[in-house]
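Asks: Just passing along the structure, written as structure tokens.
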Amino acid sequence: MLSIHDVAGTAAAYLVTRLPANYRRPEVEVVAFGLEVLIGGLLQLAVFVATARYLGLLPEMTAALITMATYRLLSGGPHCSAYYRCLILSALTLNLLAFIGHRLAYFMAGILPAGFLLVYGVSLLIARRLAPRDTEAAPIISPVRRARLKTACYLWLLAWLVLVLLGYYRGWSPGVLIASMAALTCQSLSLTPLGFTVVGRVDRFLKRLLPLG
């Protein structure tokens, strides 16, 4: 089966050979890694947008994606063991969060500020205790970097709270705000031991269901 890794490697080898002879050529592996990240990210984004648009959940999914992706950059979290399983799990999760935001918009519109404060408080406690979470594949060795990431998590959470409260009082879509709140809840819970366990079990299930590598 054709994989993104193979495509990136082939493209990188071609690009490097096309450089002028007097030009300092980068390692093919370095270029391949960059292309793999770029292609994988664009493919993920295309799948997320296509599925959400088909389901009529594009605004809510976009809010969930921005919330989870930006906080995850700072807080870390569990990973699937293969790109395709990550793609499937992420697409399912984001559209589920978007669906929750869409469905609960009418029922929670009047109590959203309380919900924001509750989610902020729980997320802050989890961040204080667990963030940033690293993995064996991407360990955080430097204590200084770990401390900076933890501080960045605190600042991100405060900025999120200010933004959603401002959005609420400015009349932003309740569905979008709830989707963002649900996404932050999901990302925060993924930092816990239970979150790692759940992702690990889903990863193994998808591996048995779709052994794509």
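The backbone N, Cα and C atoms fix where each Cβ goes, glycine too.
No curator has checked TrEMBL annotations; they are predicted automatically.
Here TrEMBL flags 28-48, 54-74, 86-105, 111-131, 152-169, 175-199 as transmembrane segment.
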Asks: Short question: which residues 6 or more past the ends of the transmembrane segment (86-105) have a Cβ under 8 Å from it?
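Replies: Answer is 43-44, 47-48, 51-52, 55-57, 60-61, 63-65, 68, 79-80, 173-183, 186, 199, 202-203, 206, 210.
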Asks: Counting CB pairs under 8 Å, which listed stretch among 54-74, 111-131, 175-199 touches the transmembrane segment (152-169) the most?
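Replies: Answer is 111-131, with the largest number of Cβ pairs below 8 Å.
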